[in-house]
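Here's the structure, in C-alpha coordinates; my notes come after.
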Amino acid sequence: MDLFEYQAKKLFAEHGVPVPTGKTATTPEEARAIATELGGRVVVKAQVKTGGRGKAGGVKVADGPDDAFAKATAILGMDIKGHTVHSVLVEEASNIAEEYYASFLLDRANRTFLAMASREGGMEIEEVAATKPEALARIAIDPLKGVDAAKAREIAVAAKLPEAALDGASELLAKLWTVFVKSDATLVEVNPLILTGDGRVVALDGKVSLDDNADFRHPEHEAFVDVAAVDPLEQKAKEKGLNYVKLEGEVGIIGNGAGLVMSTLDVVTYAGEEFGGKRPANFLDIGGGASAEVMANGLSIILGDPAVKSVFVNIFGGITSCDAVANGIVQALKIVGDVSTPLVVRLDGNNAEEGRRILAEANLPVVKPVDTMDGAAKLAAELAAAAA
(Lines of atoms letter the chains of each structure in order from A and count residues from 1; the text may use other names and numbers.)
(Lines give C-alpha, C1' and ligand atoms only; values in the text may rest on other atoms or scores of the structure.)
Protein backbone atom coordinates (compact mmCIF):
# COMPACT_ATOMS: atom_id res chain seq x y z
CA MET A 1 0.00 0.00 0.00
CA ASP A 2 1.36 3.39 -1.01
CA LEU A 3 0.82 6.22 1.46
CA PHE A 4 -0.01 9.84 0.85
CA GLU A 5 2.72 12.32 1.73
CA TYR A 6 0.95 13.47 4.89
CA GLN A 7 0.61 9.85 6.06
CA ALA A 8 4.29 9.17 5.38
CA LYS A 9 5.24 12.27 7.35
CA LYS A 10 3.06 11.14 10.23
CA LEU A 11 5.10 7.93 10.39
CA PHE A 12 8.30 9.94 10.11
CA ALA A 13 7.33 12.23 12.98
CA GLU A 14 6.36 9.28 15.19
CA HIS A 15 9.94 8.01 14.86
CA GLY A 16 11.66 11.35 15.34
CA VAL A 17 12.35 12.23 11.71
CA PRO A 18 12.20 16.06 11.39
CA VAL A 19 9.37 17.24 9.11
CA PRO A 20 7.76 20.65 8.54
CA THR A 21 4.71 21.46 10.66
CA GLY A 22 1.49 21.11 8.71
CA LYS A 23 -2.04 19.75 8.44
CA THR A 24 -4.31 18.45 5.69
CA ALA A 25 -7.31 20.28 4.28
CA THR A 26 -10.14 19.12 2.05
CA THR A 27 -11.62 22.58 1.44
CA PRO A 28 -10.15 26.02 0.71
CA GLU A 29 -11.66 27.26 3.98
CA GLU A 30 -9.76 24.63 5.93
CA ALA A 31 -6.57 25.55 4.08
CA ARG A 32 -7.02 29.20 5.07
CA ALA A 33 -7.59 28.25 8.72
CA ILE A 34 -4.44 26.11 8.78
CA ALA A 35 -2.40 28.89 7.17
CA THR A 36 -3.70 31.31 9.81
CA GLU A 37 -2.66 28.90 12.55
CA LEU A 38 0.82 28.38 11.08
CA GLY A 39 1.45 32.04 10.27
CA GLY A 40 3.81 33.35 7.61
CA ARG A 41 4.37 31.72 4.22
CA VAL A 42 3.03 28.22 3.67
CA VAL A 43 3.18 25.59 0.96
CA VAL A 44 -0.03 24.03 -0.37
CA LYS A 45 0.66 20.53 -1.72
CA ALA A 46 -1.70 18.22 -3.60
CA GLN A 47 -2.07 14.82 -1.92
CA VAL A 48 -1.94 12.22 -4.68
CA LYS A 49 -0.12 8.91 -4.95
CA THR A 50 1.98 9.83 -7.95
CA GLY A 51 5.03 11.91 -8.78
CA GLY A 52 5.34 15.05 -10.83
CA ARG A 53 3.02 17.15 -8.65
CA GLY A 54 5.18 20.24 -8.91
CA LYS A 55 5.37 20.20 -12.70
CA ALA A 56 1.60 19.69 -12.85
CA GLY A 57 0.93 22.74 -10.67
CA GLY A 58 0.04 20.72 -7.60
CA VAL A 59 2.54 22.41 -5.27
CA LYS A 60 2.20 26.15 -4.66
CA VAL A 61 3.68 28.64 -2.18
CA ALA A 62 1.15 30.92 -0.48
CA ASP A 63 1.94 34.24 1.19
CA GLY A 64 -0.80 34.11 3.77
CA PRO A 65 -4.24 32.74 4.66
CA ASP A 66 -6.11 34.34 1.77
CA ASP A 67 -3.46 33.23 -0.70
CA ALA A 68 -3.60 29.72 0.78
CA PHE A 69 -7.36 29.77 0.17
CA ALA A 70 -6.77 30.73 -3.47
CA LYS A 71 -4.02 28.17 -3.98
CA ALA A 72 -6.12 25.38 -2.42
CA THR A 73 -9.05 26.36 -4.63
CA ALA A 74 -6.82 25.95 -7.68
CA ILE A 75 -5.37 22.61 -6.58
CA LEU A 76 -8.37 20.78 -5.13
CA GLY A 77 -10.15 18.84 -7.86
CA MET A 78 -7.13 18.87 -10.17
CA ASP A 79 -6.32 15.78 -12.19
CA ILE A 80 -2.66 14.79 -11.86
CA LYS A 81 -1.73 11.81 -14.01
CA GLY A 82 -5.20 10.35 -13.61
CA HIS A 83 -5.38 11.04 -9.86
CA THR A 84 -8.00 13.51 -8.61
CA VAL A 85 -6.85 15.77 -5.78
CA HIS A 86 -9.22 15.43 -2.82
CA SER A 87 -6.99 16.98 -0.15
CA VAL A 88 -3.98 19.24 0.24
CA LEU A 89 -1.21 19.39 2.81
CA VAL A 90 -0.70 22.92 4.12
CA GLU A 91 2.64 23.24 5.86
CA GLU A 92 5.13 25.90 6.87
CA ALA A 93 7.47 27.03 4.12
CA SER A 94 11.10 25.96 4.61
CA ASN A 95 14.26 27.98 4.09
CA ILE A 96 16.03 25.62 1.68
CA ALA A 97 19.80 25.87 1.37
CA GLU A 98 20.43 22.53 -0.38
CA GLU A 99 18.38 19.52 -1.55
CA TYR A 100 19.41 15.85 -1.26
CA TYR A 101 17.85 12.43 -1.79
CA ALA A 102 17.63 9.40 0.53
CA SER A 103 15.75 6.12 0.53
CA PHE A 104 15.68 2.59 1.89
CA LEU A 105 14.09 -0.14 -0.18
CA LEU A 106 13.69 -3.86 -0.58
CA ASP A 107 16.22 -5.06 -3.17
CA ARG A 108 14.35 -8.07 -4.52
CA ALA A 109 16.96 -8.94 -7.14
CA ASN A 110 19.69 -9.37 -4.53
CA ARG A 111 17.41 -10.51 -1.70
CA THR A 112 18.51 -7.80 0.68
CA PHE A 113 17.88 -4.18 1.62
CA LEU A 114 19.38 -1.21 -0.17
CA ALA A 115 20.09 2.37 0.83
CA MET A 116 20.25 4.98 -1.90
CA ALA A 117 21.37 8.55 -1.33
CA SER A 118 22.49 11.48 -3.41
CA ARG A 119 23.49 15.10 -3.17
CA GLU A 120 21.30 15.61 -6.25
CA GLY A 121 17.83 15.88 -4.71
CA GLY A 122 14.59 17.57 -5.64
CA MET A 123 14.32 15.91 -9.06
CA GLU A 124 13.18 12.51 -10.30
CA ILE A 125 15.74 10.03 -8.99
CA GLU A 126 15.38 8.00 -12.20
CA GLU A 127 16.72 11.03 -14.05
CA VAL A 128 19.73 11.22 -11.73
CA ALA A 129 20.39 7.49 -12.14
CA ALA A 130 20.23 7.81 -15.92
CA THR A 131 22.20 11.02 -16.44
CA LYS A 132 24.59 11.07 -13.45
CA PRO A 133 24.84 7.53 -12.07
CA GLU A 134 28.01 8.42 -10.19
CA ALA A 135 25.98 10.90 -8.12
CA LEU A 136 23.75 8.16 -6.69
CA ALA A 137 25.27 6.11 -3.87
CA ARG A 138 23.96 2.57 -3.43
CA ILE A 139 24.79 0.84 -0.15
CA ALA A 140 23.68 -2.74 0.60
CA ILE A 141 22.24 -3.18 4.09
CA ASP A 142 22.76 -6.41 6.02
CA PRO A 143 19.26 -7.31 7.31
CA LEU A 144 20.78 -8.81 10.45
CA LYS A 145 22.75 -5.66 11.30
CA GLY A 146 20.53 -2.90 9.99
CA VAL A 147 21.52 0.75 10.11
CA ASP A 148 23.22 2.09 13.23
CA ALA A 149 24.87 5.49 13.62
CA ALA A 150 28.06 4.34 11.90
CA LYS A 151 26.22 2.82 8.93
CA ALA A 152 24.04 5.91 8.60
CA ARG A 153 27.15 8.10 8.44
CA GLU A 154 28.67 5.74 5.87
CA ILE A 155 25.61 6.29 3.67
CA ALA A 156 25.76 10.07 4.07
CA VAL A 157 29.49 10.15 3.25
CA ALA A 158 28.99 7.88 0.23
CA ALA A 159 26.38 10.34 -1.04
CA LYS A 160 29.01 13.10 -0.79
CA LEU A 161 26.84 15.23 1.47
CA PRO A 162 28.63 18.38 2.71
CA GLU A 163 30.22 18.51 6.15
CA ALA A 164 27.50 20.87 7.36
CA ALA A 165 24.84 18.23 6.69
CA LEU A 166 26.65 15.05 7.77
CA ASP A 167 25.62 14.95 11.43
CA GLY A 168 21.98 15.87 10.82
CA ALA A 169 21.65 13.59 7.80
CA SER A 170 23.25 10.65 9.62
CA GLU A 171 20.86 11.03 12.54
CA LEU A 172 17.88 11.33 10.20
CA LEU A 173 18.94 8.28 8.14
CA ALA A 174 19.13 6.11 11.26
CA LYS A 175 15.60 7.17 12.21
CA LEU A 176 14.39 6.67 8.66
CA TRP A 177 15.68 3.09 8.82
CA THR A 178 13.63 2.60 11.98
CA VAL A 179 10.53 3.73 10.07
CA PHE A 180 11.38 1.26 7.29
CA VAL A 181 11.80 -1.71 9.63
CA LYS A 182 9.13 -0.99 12.24
CA SER A 183 6.48 -0.30 9.59
CA ASP A 184 7.32 -3.34 7.43
CA ALA A 185 7.85 -1.04 4.46
CA THR A 186 9.19 -1.98 1.05
CA LEU A 187 10.18 1.62 0.33
CA VAL A 188 10.86 4.71 2.41
CA GLU A 189 11.95 7.72 0.38
CA VAL A 190 12.69 11.37 1.08
CA ASN A 191 13.01 13.62 -1.96
CA PRO A 192 14.04 16.22 -1.23
CA LEU A 193 15.89 15.84 2.03
CA ILE A 194 16.90 19.43 2.72
CA LEU A 195 19.56 21.37 4.57
CA THR A 196 17.92 24.55 5.85
CA GLY A 197 19.50 27.96 6.12
CA ASP A 198 19.96 27.48 9.86
CA GLY A 199 21.70 24.11 9.42
CA ARG A 200 18.87 21.66 10.11
CA VAL A 201 18.28 18.53 8.01
CA VAL A 202 14.57 18.03 7.32
CA ALA A 203 12.42 15.58 5.34
CA LEU A 204 10.61 18.02 3.06
CA ASP A 205 8.72 15.28 1.24
CA GLY A 206 7.97 11.66 2.04
CA LYS A 207 7.03 8.50 0.22
CA VAL A 208 6.29 5.18 1.92
CA SER A 209 5.13 1.85 0.50
CA LEU A 210 3.95 -0.71 3.06
CA ASP A 211 4.06 -4.47 2.60
CA ASP A 212 0.44 -5.64 2.54
CA ASN A 213 1.60 -9.14 3.50
CA ALA A 214 2.56 -7.74 6.91
CA ASP A 215 -0.86 -6.19 7.60
CA PHE A 216 -1.59 -8.84 10.24
CA ARG A 217 1.19 -7.29 12.33
CA HIS A 218 -0.09 -3.75 11.86
CA PRO A 219 -3.80 -3.24 12.56
CA GLU A 220 -2.97 0.47 12.77
CA HIS A 221 -2.25 0.49 9.02
CA GLU A 222 -5.98 0.16 8.36
CA ALA A 223 -6.22 3.88 9.10
CA PHE A 224 -4.04 4.57 6.05
CA VAL A 225 -6.45 2.98 3.56
CA ASP A 226 -7.80 5.48 1.06
CA VAL A 227 -11.46 4.47 1.30
CA ALA A 228 -12.49 6.79 -1.54
CA ALA A 229 -10.13 5.01 -3.92
CA VAL A 230 -10.94 1.42 -2.92
CA ASP A 231 -13.47 -0.41 -5.06
CA PRO A 232 -16.32 -1.47 -2.73
CA LEU A 233 -16.36 -5.00 -4.15
CA GLU A 234 -12.61 -5.35 -3.60
CA GLN A 235 -13.05 -4.06 -0.05
CA LYS A 236 -15.84 -6.58 0.58
CA ALA A 237 -13.67 -9.39 -0.81
CA LYS A 238 -10.79 -8.36 1.43
CA GLU A 239 -13.08 -8.47 4.46
CA LYS A 240 -14.11 -12.00 3.43
CA GLY A 241 -10.50 -13.09 2.93
CA LEU A 242 -10.86 -13.51 -0.84
CA ASN A 243 -8.26 -12.62 -3.47
CA TYR A 244 -10.39 -10.50 -5.82
CA VAL A 245 -9.51 -7.83 -8.37
CA LYS A 246 -12.23 -6.05 -10.33
CA LEU A 247 -11.70 -5.75 -14.08
CA GLU A 248 -13.73 -4.13 -16.85
CA GLY A 249 -15.44 -7.09 -18.53
CA GLU A 250 -18.71 -8.99 -18.49
CA VAL A 251 -17.70 -12.57 -17.60
CA GLY A 252 -17.24 -13.23 -13.90
CA ILE A 253 -14.38 -15.59 -13.05
CA ILE A 254 -13.97 -18.01 -10.13
CA GLY A 255 -11.04 -20.40 -10.04
CA ASN A 256 -8.78 -22.23 -7.63
CA GLY A 257 -5.15 -21.21 -7.89
CA ALA A 258 -3.70 -17.98 -9.25
CA GLY A 259 -2.12 -19.67 -12.26
CA LEU A 260 -5.38 -21.30 -13.33
CA VAL A 261 -7.29 -18.05 -12.87
CA MET A 262 -4.74 -16.13 -14.96
CA SER A 263 -5.04 -18.75 -17.70
CA THR A 264 -8.82 -18.48 -17.48
CA LEU A 265 -8.63 -14.73 -18.04
CA ASP A 266 -6.64 -15.34 -21.22
CA VAL A 267 -8.97 -18.05 -22.52
CA VAL A 268 -12.09 -15.97 -21.87
CA THR A 269 -10.54 -12.93 -23.55
CA TYR A 270 -9.69 -15.02 -26.61
CA ALA A 271 -13.14 -16.64 -26.72
CA GLY A 272 -14.84 -13.30 -26.23
CA GLU A 273 -13.42 -11.93 -29.48
CA GLU A 274 -16.03 -14.02 -31.30
CA PHE A 275 -18.83 -12.40 -29.30
CA GLY A 276 -18.22 -8.68 -29.55
CA GLY A 277 -15.10 -8.52 -27.42
CA LYS A 278 -16.52 -9.89 -24.18
CA ARG A 279 -13.86 -9.91 -21.45
CA PRO A 280 -13.28 -11.14 -17.89
CA ALA A 281 -14.97 -9.02 -15.24
CA ASN A 282 -12.64 -9.95 -12.41
CA PHE A 283 -9.87 -12.08 -10.96
CA LEU A 284 -11.07 -14.28 -8.09
CA ASP A 285 -8.94 -17.06 -6.66
CA ILE A 286 -10.70 -19.13 -3.99
CA GLY A 287 -7.53 -21.15 -3.40
CA GLY A 288 -8.35 -24.35 -1.59
CA GLY A 289 -11.69 -23.05 -0.41
CA ALA A 290 -14.58 -25.18 -1.66
CA SER A 291 -17.00 -24.59 1.19
CA ALA A 292 -20.48 -23.29 0.58
CA GLU A 293 -19.57 -20.14 2.50
CA VAL A 294 -16.52 -19.40 0.33
CA MET A 295 -18.44 -20.06 -2.89
CA ALA A 296 -21.38 -17.98 -1.66
CA ASN A 297 -19.11 -15.09 -0.75
CA GLY A 298 -17.38 -15.31 -4.12
CA LEU A 299 -20.64 -15.41 -6.07
CA SER A 300 -22.15 -12.62 -4.02
CA ILE A 301 -19.18 -10.36 -4.77
CA ILE A 302 -19.08 -11.18 -8.48
CA LEU A 303 -22.83 -10.81 -8.92
CA GLY A 304 -22.61 -7.49 -7.10
CA ASP A 305 -20.97 -6.13 -10.24
CA PRO A 306 -23.83 -5.04 -12.55
CA ALA A 307 -21.55 -5.47 -15.58
CA VAL A 308 -21.37 -9.26 -15.03
CA LYS A 309 -23.65 -11.14 -17.43
CA SER A 310 -22.29 -14.67 -16.93
CA VAL A 311 -19.94 -16.46 -14.54
CA PHE A 312 -17.26 -19.02 -15.41
CA VAL A 313 -16.34 -21.33 -12.50
CA ASN A 314 -13.13 -23.10 -13.51
CA ILE A 315 -11.89 -25.74 -11.07
CA PHE A 316 -9.04 -28.21 -11.28
CA GLY A 317 -9.36 -30.63 -8.40
CA GLY A 318 -6.21 -31.46 -6.51
CA ILE A 319 -6.18 -31.38 -2.74
CA THR A 320 -9.60 -29.77 -3.10
CA SER A 321 -11.82 -32.36 -4.75
CA CYS A 322 -14.35 -31.48 -7.43
CA ASP A 323 -17.23 -33.11 -5.55
CA ALA A 324 -16.59 -30.75 -2.63
CA VAL A 325 -16.63 -27.81 -5.03
CA ALA A 326 -19.85 -29.03 -6.66
CA ASN A 327 -21.55 -29.32 -3.27
CA GLY A 328 -20.24 -25.86 -2.44
CA ILE A 329 -21.78 -24.44 -5.62
CA VAL A 330 -25.17 -26.06 -4.94
CA GLN A 331 -25.26 -24.79 -1.35
CA ALA A 332 -23.91 -21.37 -2.34
CA LEU A 333 -26.75 -20.82 -4.79
CA LYS A 334 -29.21 -21.57 -2.00
CA ILE A 335 -27.43 -19.11 0.29
CA VAL A 336 -27.19 -16.31 -2.28
CA GLY A 337 -30.72 -16.95 -3.54
CA ASP A 338 -32.53 -15.64 -6.62
CA VAL A 339 -29.59 -16.02 -9.01
CA SER A 340 -30.52 -15.57 -12.66
CA THR A 341 -27.03 -15.03 -14.06
CA PRO A 342 -25.84 -18.24 -15.78
CA LEU A 343 -22.92 -20.13 -14.22
CA VAL A 344 -20.74 -22.09 -16.62
CA VAL A 345 -18.94 -24.73 -14.55
CA ARG A 346 -15.92 -26.72 -15.69
CA LEU A 347 -14.65 -29.39 -13.29
CA ASP A 348 -11.52 -31.43 -13.93
CA GLY A 349 -9.13 -33.48 -11.84
CA ASN A 350 -9.78 -35.14 -8.49
CA ASN A 351 -13.34 -36.56 -8.36
CA ALA A 352 -14.44 -34.58 -11.41
CA GLU A 353 -17.00 -37.20 -12.47
CA GLU A 354 -18.60 -37.19 -9.04
CA GLY A 355 -18.70 -33.40 -9.09
CA ARG A 356 -20.45 -33.39 -12.45
CA ARG A 357 -22.95 -35.96 -11.17
CA ILE A 358 -23.77 -33.77 -8.17
CA LEU A 359 -24.43 -30.77 -10.40
CA ALA A 360 -26.54 -32.85 -12.79
CA GLU A 361 -28.69 -34.23 -9.97
CA ALA A 362 -29.14 -30.76 -8.48
CA ASN A 363 -30.74 -29.77 -11.80
CA LEU A 364 -30.14 -26.06 -11.31
CA PRO A 365 -31.27 -24.09 -14.39
CA VAL A 366 -28.53 -21.45 -14.05
CA VAL A 367 -25.69 -24.02 -13.89
CA LYS A 368 -24.23 -25.00 -17.27
CA PRO A 369 -21.65 -27.81 -16.89
CA VAL A 370 -19.00 -28.00 -19.64
CA ASP A 371 -16.18 -30.55 -19.81
CA THR A 372 -13.42 -28.49 -21.45
CA MET A 373 -11.87 -25.16 -20.54
CA ASP A 374 -12.08 -23.80 -24.09
CA GLY A 375 -15.70 -24.90 -24.44
CA ALA A 376 -16.64 -23.38 -21.10
CA ALA A 377 -14.94 -20.08 -21.95
CA LYS A 378 -16.76 -19.92 -25.27
CA LEU A 379 -20.15 -20.62 -23.68
CA ALA A 380 -19.55 -18.05 -20.92
CA ALA A 381 -18.67 -15.38 -23.50
CA GLU A 382 -21.67 -16.35 -25.65
CA LEU A 383 -24.08 -16.15 -22.71
CA ALA A 384 -22.66 -12.77 -21.69
CA ALA A 385 -23.16 -11.48 -25.21
CA ALA A 386 -26.72 -12.80 -25.33
CA ALA A 387 -27.58 -11.06 -22.05
CA ALA A 388 -26.07 -7.72 -23.05
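Heads up, the Cβ atoms here are built off N, Cα and C, so glycines get one too.
Following the DSSP three-state reduction, the secondary structure of Glu99 (ATP binding site) is strand. In sequence order, Gly121, Gly122, Pro192, Leu193, Ile194, Leu204 constitute the residues six or more apart from Glu99 (ATP binding site) in its chain with CB-CB distances below 8 Å. The feature ATP binding site is assigned by Swiss-Prot to Lys45, Gly52, Arg53, Gly54, Glu91, Ser94, Glu99, with sequence analysis given as support.
If you look up Swiss-Prot, you'll see Asn191, Asp205 marked as Mg(2+) binding site, on the strength of sequence analysis. Under the three-state DSSP scheme, Asn191 (Mg(2+) binding site) falls in the strand class. On its own chain, Asn191 (Mg(2+) binding site) has Tyr101, Ala102, Ser103, Gly121, Gly122, Ile125, Asp205, Lys207 as residues at least 6 apart in sequence with a Cβ closer than 8 Å to its own Cβ.
According to Swiss-Prot, the feature substrate binding site maps to Asn256, Gly318, Ile319, Thr320, an assignment based on sequence analysis.
Per-residue pLDDT, averaged across the domain 'ATP-grasp' (9-236), gives 94. Look at Swiss-Prot and you will find 9-236 tagged as domain 'ATP-grasp'.
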> Whole-number Å distance between the CA of Ser94 (ATP binding site) and the CA of Gly318 (substrate binding site)?
Replying inline: 61
> Hey, what's the Cβ neighbour count for Glu91 (ATP binding site) at 10 Å?
Replying inline: 23
> Taking the Cβ of Asp205 (Mg(2+) binding site) as centre, how many other Cβ atoms lie within 10 Å?
Replying inline: 23
> Can you give the largest Cα to Cα distance in Å, as a whole number, for the residues Asn256, Gly318, Ile319, Thr320 that bind substrate in the record?
Replying inline: 11
> Using Cα-Cα distances with a 10 Å cut-off, which of the binding-site residues Asn256, Gly318, Ile319, Thr320 are near Glu91 (ATP binding site)?
Replying inline: none
